[in-house]
Each structure stands twice: as structure tokens, then as C-alpha cells.
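Quick notes on the structure that follows.
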Amino acid sequence: EERESSGTNSGDYGEEYRPLLPSQETSLHILTTALSPLEYRRWRRKPWYWRIFKVFKVPVELVLLLTVPVVDPDKDDLNWKRPLNCLHVLTSPLLCVLTLKSGTYGLYQIQGVFPVWGLITLVGSVLAIIIFLTTSNEEPPKYHCVFAFLGFLASAMWINAAATELVNILRTLGIVFQLSNTVLGLTLLAWGNSIGGRRRRKDGGVPLPRDGRVVAGSIAPPSSPVRRPHPERAADILVGVGLGCLLQMTSSQPVVKLEPDSLLVWILAGALGLSLVFSFVSVPAQCFQLGKAYGVCLILYYLAFLCVALLTEFRVIRLSA
């Protein structure tokens, strides 16, 4: 055996320096380690501006760790954290109830006496205790895959809540600066909804579109022909938008009507139809090999449409009585 130096800090060792003899960690130690969003070794290597940004991120990361379970198939234990996953059984359903419809369902009282969030808390606590008593810290249970679906649902609720609050903030700014919802939808909301995060390469670089095929990929709305047709975007449009509109039609009105009482409505519908017809004709004519000229034409078309729509909204362009 080699004696450890008194000046050596055990926290300086990396993952490769672990004790040879296996030792069982307590549930409290596993919980505190899993809920720690800061790594001492990484914190010490990073510059000062990264540390300042990390300080603002810590509360958000802590809340996400408490509410969103993560199943990692690349790890031997599938990222099984027994005390934290038992806590997720309580926090994730509670999050879903309190964020759905801005907490309308969570505040609903059963028979006017017992609130829904209280029932979820009671049932979640019982399930968490049962899972904690029937599992161990070392080996994940056979039903651990259920936590992946729970994490997906909790993540969707967080995204929905964040998007709802962001839209409310933009609408508030529109009221302050006297901008209509149409102007916000044509500018800030459309641009923000179109700019998606691109996956970075392992060397840190951002992959750029090749052959000039996606010149205007981050300018137009998701349903615009300017955007590159990814399979996930098609699923988003068909399932997300289509299913949502179908459910809305079945619950309210069986037919969606276009109200022709405004010139802007005709401009929006006409510009969208003309863009689709242009893409329907030009894309097969180019044998589905789109170049820079096609992207430039779409950018110019979008800018012209945006100018006409904004001028119509601000009453510069209007029909005479």
C-alpha cells in the first residue's frame, strides 16, 4: 500500500482514480451528488465569464434535475439514481399538473374539497416510498424505462411552460409599444420559431449547409418552403400542427373559415399560396437540386412580402372606401 500524501486533495482525482475495492454509497450521498450542478475540477479550469454565466444557470439546472428524470443507455447503471428517481415520481407528475393550462387543472378541486395537486402529491409519495423500498442503489429495476417516458413528458411540459411565458412577454411588449399580434407574429414570433439550434461537431464547429441549399433556412416560418425539409420538421408539421388543429376543430367548429374582412388576411393567404405554387413548379424543374439562386429568390420574396404586410398593418397600404 502507498500512503496518501497529506497535501493531496481527493477531489482533484478524475474518474480514472477510483478505489480498487468497491464501496456502497449511501442514499444521501447519491442524492447530493446527483443534484450538484457544479463540478469542482471543471469550475477551476473555466474562465471567469463562464463562471458568472454558470451561477445564473445553477438554479435552472437544479430545478430541472429535481423534476426531469434522465435514462442514459450508454451508462452501465442506465443513470439510475435511486433516491433521485424516487423523488422524480413525486415531482414530475406534480410539474405536469401545475404547468398544464397554466395550472388550471392543478388548482381544480375534486367535489369542491380536495385539490388535484394534493391527490397527485399523495399518490406520488406512496409510489415513491414503494419504489424506494423495493429497489437498491446498485442495480436499476426492470421498469426503469418508464422513467424515460416520464422524463419526456416532464421535458415537454417545461418547454410548453417556457414557450407560453415567452409569448406572453412578447404580447406584453406589443401592448406597451402598441404593436398588434399580427406584427409580432410576422416578425419576432416567426423569426424566433424559425431559428433552431444546430448540432455542433465534436471539434466545436458548427456544420454549415453544403451546396448552398439552405441559404434561407433560418428566416422563414417552419411551414414555409424556404426551410429545408427535414423528416423531424415534417413530423412536427403533420403531427403537431395537424393533430392540434384537428382536435381544435372537433371541439369548437367543424370548419375553419378564413375571415376576409381585412386586406392583410388576403395578403397573407395570397403570399403563402404564391410561394407554394412557385416552389411546386421550380423545385421539380431543377430536378430537386436547389442552388443559391433559388434561396436568393425566396429571401427576396420573403422580404417583399414582409414589407407589404407591415405597410398594410400600419395603414400605409389600404383599400379606398
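The backbone N, Cα and C atoms fix where each Cβ goes, and this holds for glycine too.
From a predicted model like this one, the values you see are computed outputs, not experimental measurements.
The transmembrane segment annotation in TrEMBL covers 48-71 (among others).
TrEMBL lists 114-133 (among others) with the feature transmembrane segment.
The transmembrane segment annotation in TrEMBL covers 145-163 (among others).
Taken from TrEMBL, the feature domain 'Sodium/calcium exchanger membrane region' applies to 148-195. Residues of the domain 'Sodium/calcium exchanger membrane region' (148-195) grouped by DSSP class, helix first, strand second and coil last, total 43 helix, 0 strand, 5 coil.
If you look up TrEMBL, you'll see 169-192 (among others) marked as transmembrane segment.
TrEMBL lists 263-281 (among others) with the feature transmembrane segment. Panel annotation: around the transmembrane segment (263-281), residues 182, 224-225, 298, 301, 305, 308-309, 312-313, 317-319 of the same chain, lying at least six beyond its termini, place a Cβ under 8 Å from a Cβ of the stretch.
Residues annotated as transmembrane segment in TrEMBL: 293-312 (among others).
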